[in-house]
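Colleague: Let me begin by handing over the structure; questions about it come next.
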Amino acid sequence: MLLGSHVSMSGKKMLEGSAIEAYEYGETTFMIYTGAPQNTRRKSIEDLNITKGHEVMEKYGLSNIVVHAPYIINIANTTKPETFNLGVDFLQQEIERTQAIGAKDIVLHPGAHVGAGVDAGINKIIEGLNEVLTNDNNVRIALETMAGKGTEIGRSFEELARIIDGVHNNERLSVCFDTCHTHDAGYNVKEDFDGVLNEFDKIIGVDRIKVVHVNDSKNDRGAQKDRHENIGFGYIGFDALNYIVHHDSFKDIPKILETPYVGEDKKNKKPPYKLEIEMLKQQQFDPELKNKVMQQ
C-alpha cells in the first residue's frame, strides 16, 4: 500500500534526509516541498542530493514521491500581473525540480481570485497553466480539491473540470483529492464516500486522481475552513478515512497524511505519522494515539 506523509527536505541531506524520515515512520511513499512553502528560496538541483535519496528509497522500498508547490503561487490573480508572472515562472522551475527528483506529480492549489470572481479566476488559471505546460516533460500538475476558504478556486468538482477542459495539454493535469478540503467544501465524505467518488467520476473522471491527501477535519461538513485534524479525531472520523485509504480506486496511488503535529507546547510538537500509519495499516482506531505520540 502506498501510504506516507509530508516529510521535511532541508540541510545538507535534502532528499536523502526526506527518504530516511519516511522510512522511520514506516512509510512506502512520501511528499516534500522543495523548500519552504512560504517563499521562493530554493537550492539548485545539484544540491538536492537526489542520487543518495534514490539509494535510500531503493534500500527501504520507498517509491512514488509527490512534490507540493509552495502556497505563494497564485496564478488565479487577475489584479497583480507580478503575482501571476511570479507564479508561472516559479511553477515552471518547480516542475524542473520535480522531474529531477523523479516525481510524477506536483500538487498545486489552483489559486484564489482575490475578488475578481470565479470566472475571471478560472480563466486566469487556464492562461497560466497553458503557459506552464508547453515544455516537453512528463510531470503532471495535480490540482488540489480545495475547502472554499476565502476566494479559493477548486471548491467544487465543476470548478476543477472547467480548468481541466480549458487547458490544451490537459493530459498533464491530474487531481489531488484532499479528504479534509472536500469535506469542508460540503461533500459527504464521511457517510457516502462512494457517492462522492461517483460524482467526481461523472464530472472529472476518477482516473484523474493521482494523489490523495488523507486528513481529518477540525470542522463540520461545509465549514469552508481547511483546518486539518489527526486521523480519527475530527469530524470525518477514523472509519471513513480508513475506508478511503484502503479503497480499490486508490490502490496504486500515493496516499499522503498532512495531519498536524501533536502537543500543546509550540516548542515541543511531535509528528504523528508513524503511529497514524500503524493505525491505518491495522485498521483499528486508537483513542490514545495523541498521548502515545507525545511519549515517543
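Each Cβ is built from the backbone N, Cα and C atoms, and glycine gets one as well.
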Colleague: Going by Swiss-Prot, H109, E144 bind Zn(2+) 1; tell me which of H68, H168, H183 is listed for that site too.
Modeller: H68
Colleague: Quick one: which of H181, H246, H247 does Swiss-Prot put in the Zn(2+) 3 site with D226, H228?
Modeller: H181
Colleague: Since Swiss-Prot lists E144, D178, E258 for Zn(2+) 2, which candidate among H54, H213 does it give for that site as well?
Modeller: H213
Colleague: If you count Cβ atoms within 10 Å of each one, which of the binding-site residues H109, H181 comes out on top?
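Modeller: Output for this query is H181.
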Colleague: What subset of the binding-site residues H68, H213, E258 lies within 10 angstroms of H181 (Zn(2+) 3 binding site) at the C-alpha level?
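Modeller: Those near H181 (Zn(2+) 3 binding site) - Cα within 10 Å - are H213, in sequence order.
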Colleague: Can you tell me how many other Cβ atoms are located within 10 Å of the Cβ belonging to D178 (Zn(2+) 2 binding site)?
Modeller: 28
Colleague: Of H68, E144, D226, which is closest to H213 (Zn(2+) 2 binding site) if I measure between C-alpha atoms? They're all binding-site residues.
Modeller: E144
